[in-house]
C-alpha cells in the first residue's frame, strides 16, 4: 500500500435510456460525487462528514451507501480490522433521477480498491456496488451502478445471471435538466403498466437494436432515429411538467434525442456540439422559470472512464 | 445492355431470429431458388416453367411472386414494353418457414436489375420485393426479404418508415431441419398473445441488444448467451413436434443457439464448425424418423452477399 489517502470523483448516470428501459445507462462528466478516503489506525469505517446532501443522508456507517459498500468489500477481503475515514461531497441533487446513490456506492468501492492496491477488477467490484444501491433503494439494480463504474454506455444484457456489456462510447455532449419537482421512484415505477402490447414491444426492440448498432457504427443520425420509447416514456412523462414541450424544443434545436433520466424528473438530451446543448439548456431553464419551476442544469461530455482519482 | 439472359441464385432466410421477432433475419447459402431470366422480343412477362414446387405456384404472371415483382420494377422504370421470359427452379420447400416467397421475389428483382445494367440500388429494390411478398403472404414483411436481398444478418429497425440495417456477418454454420409437418403461417401468428409482460419484454430487449453487440464484437459465446426468446418461442414451439428435445440435443452438441425459423416448422441452429452442425443434423433427422416424422436437412455457411449471378 503506497497511499494512505485518496480523493475520487464518481459520475452521475442516466439510466433507462429511452428504448433501453432497465437495461441501458450511460455516465456523464458532470455532475458527480467527490469522496475523500483515508486509512487510519483505529479499526472500523467512519463517516467524518457529508456535504451537499442537505442533511438527508445517514451518517451511520451501516446505513449509508458509501460506508456499507466499503465495509462489504473489507469483509470480502478479510480486512475488517482496517480503519477507514470518509468525507463525502455530494455534488448532485438526491432523488433526481441521476443515480445519486450509485455514484456514492461506486465512489466508495473504487476508492477503497485503489487504496488497497486494486485487489479486485471492475467486474468483481460491481456486485458490491449493487449491494450498496440496494441499501439505498430497496433493490439492487445495475443500470445506474454499471455505467457509473465502467463509464460510457453500458448494457445490462441480463440480470440472472448478471451480465454487463460495455458499448462503444459516443463522442457526444449530454445536457441534463433537473426541474425542482418531486417524482418519487416508487410512483414512477407504479405508473408503468405490467403488460404491454406485443406490437409496441416489437417497435421497442427494433429501436434498442438500432441504438446499439448506432453506437458500434458511430452513426449519430441512426442513434437519434433509434432514441424512441413507445412504452415507458408515454406514461412516465406525465409526471414531468412541460415534458412534451421541452422535448420538442430540444429536438428542434440540435438534440439527437431527448428522454427521461432514470425515473425522472431529470431529463437528458444528446448533442454533437456543445453550443447547441448550451443553447437548449438555457432556453429550457428560462422556459420552466416562466412557468414558475426552478431547475438545475448540467452540461458535459458523455463520460468514458467511470470514477477517477483526483490529483 | 450487354446480356440477354441470366441465371441467378437467391437464398433461403431465417426470420424472427429468436429474440428478434419481426425485426431480425439472416440468409443462408443453402437452400435457395434458381431463376433463369431471358429478354425476348415479344412484350410482356411470361413464366415458361416452374420446377420443384409440386405444381403449387401460379403460372399467371400477375399472381406469381417472381413475375409480379419483375412487372412492378418494369412499370417503375417505364419499360413495360420489354419482353421477359422466366424459368424458376424452387430448390426449397414451400411454406416451411424458410422464406420461400421472399427468395423468389428477390431472385426476380435481382435478375431484372442485373439484366438492365443495375439501374436501382439494393435499398431501392427492397420495396419491390416486399410488394411481391405481400402478394404471396397477404402482408409485405421485410424480415425475410431484407436478408435475402442484402445477405448476412439484417435488422429491420423500423417499418414506418422502413429502415433496414446490415449487421456484421458472423463466420458461422447454419443447420436447418424442416420436419414434414404442417404449421400454416396464419396459425403460427394467431397463437401469439397480443399482450406480453413488461418484465419479459425487458428480458427480450436485453437479449436482442446483446445479440447485436455480439455480432459487432464477433463474440460468438455472447451470441449464444443472447439467443433466448422468452416471448414467442414458448408458445410457437408447441406447434413443432419434439422442439424442446431437439433444442436440448443441439445445444448439448455444439450449437450456439437453436430456434424456430420464421413461423416454422423449420428449426435452425448455429455452429462454429461444420462437423458439429453435421453431427447434430444427422442425429436430429434420425431422432425424428424414429418418431415417424420425415425431414429435410440443409447445412451451409451464413450467407454474406444475398443473391448472386450463377456461372
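Cβ atoms are placed via backbone N, Cα and C, with glycine included.
The ATP binding site annotation in TrEMBL covers B:93, B:94, B:95, B:96, B:97, B:98, B:99, B:100, B:101, B:102, B:103. According to DSSP, residue B:95 (ATP binding site) is assigned to coil rather than to any helix or strand.
TrEMBL lists B:64-152 with the feature domain 'GHMP kinase N-terminal'.
Per TrEMBL, domain 'GHMP kinase C-terminal' is recorded for B:212-289.
For residue B:103 (ATP binding site), the Cβ neighbour count at a 10 Å cut-off comes to 33, with all displayed protein chains included. Local packing around the Cβ, expressed as the count of other Cβ atoms within 10 angstroms, is greatest for B:99 among the binding-site residues B:95, B:97, B:99. In sequence order, B:100, B:178, B:296 are the residues near residue B:93 (ATP binding site), counting only same-chain partners six or more apart with C-beta under 8 A. Mean model confidence for the domain 'GHMP kinase C-terminal' (B:212-289) is a pLDDT of 97.
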